Amino acid sequence: MKALIILGLVLLSVMVQAKVFERCELARTLKRLGMDGYRGISLANWMCLAKWESGYNTRATNYNPGDRSTDYGIFQINSRYWCNDGKTPGAVNACHLSCNALLQDNIADAVACAKRVVRDPQGIRAWVAWRNRCQNRDLRQYIQGCGV
């Protein structure tokens, strides 16, 4: 019985652990999902954005007490505008998905929503981390040696 409880706890901890992508693994995944050049945004820009928003962590979340919204996933997509977390007042849900979908190891939903974000007039400038850490910088380091 004790062994079953321990096994259950181990399995539970594995299920809730985040996938933190290796740099080149994420670069290849984003390229495969059509991010390189999407709306004129290079793969290196997406990689820099993901690095500074989440550290390549699929399960990253950050609560914003000012407007009571939360940023979700590898791109830190906000619940005020883009997804539904069931608790953000006045949420728009422009990506038409649950915020939990942005926390999955399979980042296809997160990529689709990020593509929706950049179709708005702000484009990639919607992300503060991109403006502060990536804009007008040499970003080759984010894809260097990845074969993409």
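Note that Cβ sites are derived from N, Cα and C of the backbone, with glycine treated the same way.
Annotation in Swiss-Prot places CYS113 in a disulphide bond whose other cysteine, of CYS95, CYS99, is CYS95. Partner cysteine of CYS24, as given in Swiss-Prot, is CYS146 (from among CYS134, CYS146, disulfide bond).
In the three-state DSSP reading, CYS48 (disulfide bond) counts as helix. Ranked by Cβ neighbours within 10 A across all protein chains shown, the disulfide-bonded residues CYS83, CYS95, CYS134, CYS146 are led by CYS83. Among the recorded positions listed (GLU53, CYS95, CYS99, CYS113, CYS146), GLU53 has its Cα nearest to the Cα of CYS134 (disulfide bond). Counting other Cβ atoms within 10 Å of each Cβ, the disulfide-bonded residues CYS24, CYS48, CYS99, CYS113 show the lowest value at CYS24. Less than 8 angstroms from the CB of GLU53 (active site) sit ALA60, ASP71, ILE74, PHE75, GLN76, TRP127, ALA129, TRP130, each of them six or more residues away in the same chain.
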